[in-house]
Amino acid sequence: MQEQASFLENLFLRGSNRVRLLCCVSAYAFLIVVLDQFLAIFLLLDLIFVIRDWWHCRGYNPCLQAFGADQLQLTQDDNRQRQLPTSNSTKDGDENDEMTINNRKKRLFFKWYYFGICSGTLLGVTLLSYLEEIFGWGLGYFVPAIAMAISVAPFSCGTRFYKVINKKPKSAGGNTTVMIVGLVKSIKGTALKLVNRNCNTLPTSGAVELKLQQEPLSSQDSNDQQINMANKLNVDLLVVDQNHQIEETKSLLRLIPIWVMLLVFSITLQLPATFFTKQGMGMKRNFGSHFIIPPATLQGAKSITIILLVPVYDKIITPIFRIISQSKKGITVMQRMGFGLFLSVIAMSIAAIVETQRLKISRREPNISAAQLCIFWLVPQYIILGISEVFTVVGMQEFFYSEVPDKLKTMGMALHLGVFGAGSFLSAILIPFLDDITSDSNGKHSWFSDDMKEAQLDKYYWLLAFSSAISLLLFAIYSRKYYN
């Protein structure tokens, strides 16, 4: 769904216009839901909710992330305004410094973007839940509708200052067309190279194409340089465009293995709202003599961890990694993602150990009040999973944005969000399958039994820990070869 939305938006909408449209669509959908609290318009409500979910959740996020990161990207106009020196050595040094500064700014943007998402999530599960409980669902939907509508005004005020990267893409037909055409031409090009492997010479266009394929496609400036080189060598620009289509397709295909390796991590992110909460229902939840802690409120521990960690990341964590790696850059994007995956293995292992201990106590003690482990034993797994999210999710945002060409930035962010969508589908398939094969002939006593004394969630956690470890190993092997 994310890829389909980004395809339509890249095809029909450009720049800040699509962000404004998506905000308006979301606000309109929320207002329709508010009206549904007083009027019977269920058919229209279903239609509007489908549109809102598709455009907002699947289109708004990748477009806004890519558009925001584009504002930090250096263009040729920026370089002219900076009046870079003409000396090659000095120019290369300045360009490397500017690239480092630019990458640092983008990294900060993605971290603070995720900080905003987690802050909004925390407000949603606390403030909005309270408003819905006290005043009803109408006010609960009216508040986000007004917030989305108001957000359009300050966003529109900066329109004249926004950068528009690659206004006129050379390839018509959108991202999907580029991928299909590029894949076909890549296969043809590979076959041609096999035929000409034993030849000592290549046609001029073939030699130029091989030279052009060595140039990166991550910036619009490099694309312009390739076109200028083709003009000097009197090569048809169609060859250059074909080369771009092939390389753009290759750049996306190279991301697929990493995308697949992150699916297990996305499954673990479903647990705080599902089985962690169910696990807490079978534990002692009394705080004092009168107050009972709702199990779902512990999800706030993960959000609070992320909110507290993001601001101190560059001040505390980055210097520590610089000392460990003995590098000024600290750790790379791939290393951050790998460290986050490692923490997810630790979180799943802790969750399995806590659940094993809970089952031992509940089955050993006949007294129900004494047979319950305190719910605060779940806090460590929430905190470690939150730290894992900071490293992995923010690293994923930066990785999928930086590893695709300029024209496919939104597609890259859609791939990032698609990991979590695919993980949700896999989780929805995996749980019924395990429930069926682990239950007895009467369909009871499975891993996911409603009776928390009979359930065996610890085995499911160990399965995810083992799967996460395998994914981490494959990720480490592939990441070492990725840039080679």
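Cβ atoms here come from the backbone N, Cα and C positions, even for glycine.
Lifted from TrEMBL, the feature list:
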TRANSMEM  27-51  transmembrane segment
TRANSMEM  112-131  transmembrane segment
TRANSMEM  137-162  transmembrane segment
TRANSMEM  252-271  transmembrane segment
TRANSMEM  291-313  transmembrane segment
TRANSMEM  333-354  transmembrane segment
TRANSMEM  374-394  transmembrane segment
TRANSMEM  414-434  transmembrane segment
TRANSMEM  460-478  transmembrane segment
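Away from its own ends, the transmembrane segment (291-313) comes close to residues 111-112, 114-115, 118-119, 121-122, 125-126, 272-273, 276-281, 283, 285, 375, 378-379, 382-383, 385-387, 389-390 of its chain (Cβ-Cβ under 8 Å, at least six residues beyond either end).
Long-range contacts of the transmembrane segment (112-131) within its own chain (CB-CB distance under 8 A, at least 6 residues past either end) are made by residues 65, 68, 139-140, 143-144, 296-297, 299-300, 303-304, 306-307, 310-311, 390, 393-394, 397. Fewer than three CB pairs closer than 8 A are found between the transmembrane segment (460-478) and the transmembrane segment (374-394), and contact between the two stretches is not assigned (pairs 6 or more residues apart).
Counting residues 6+ beyond its ends, the transmembrane segment (333-354) has Cβ neighbours under 8 Å at 262, 265, 268, 271, 276, 279, 325, 373, 377-378, 380-381, 384-385, 387-396, 398-399, 402, 458-459, 461-462, 464-465, 468-469, 471-472, 475-476, 479, 482 in the same chain.
In summary, the transmembrane segment (374-394) lies against the transmembrane segment (252-271): three or more C-beta pairs, each 6 or more positions apart in sequence, are under 8 Å.
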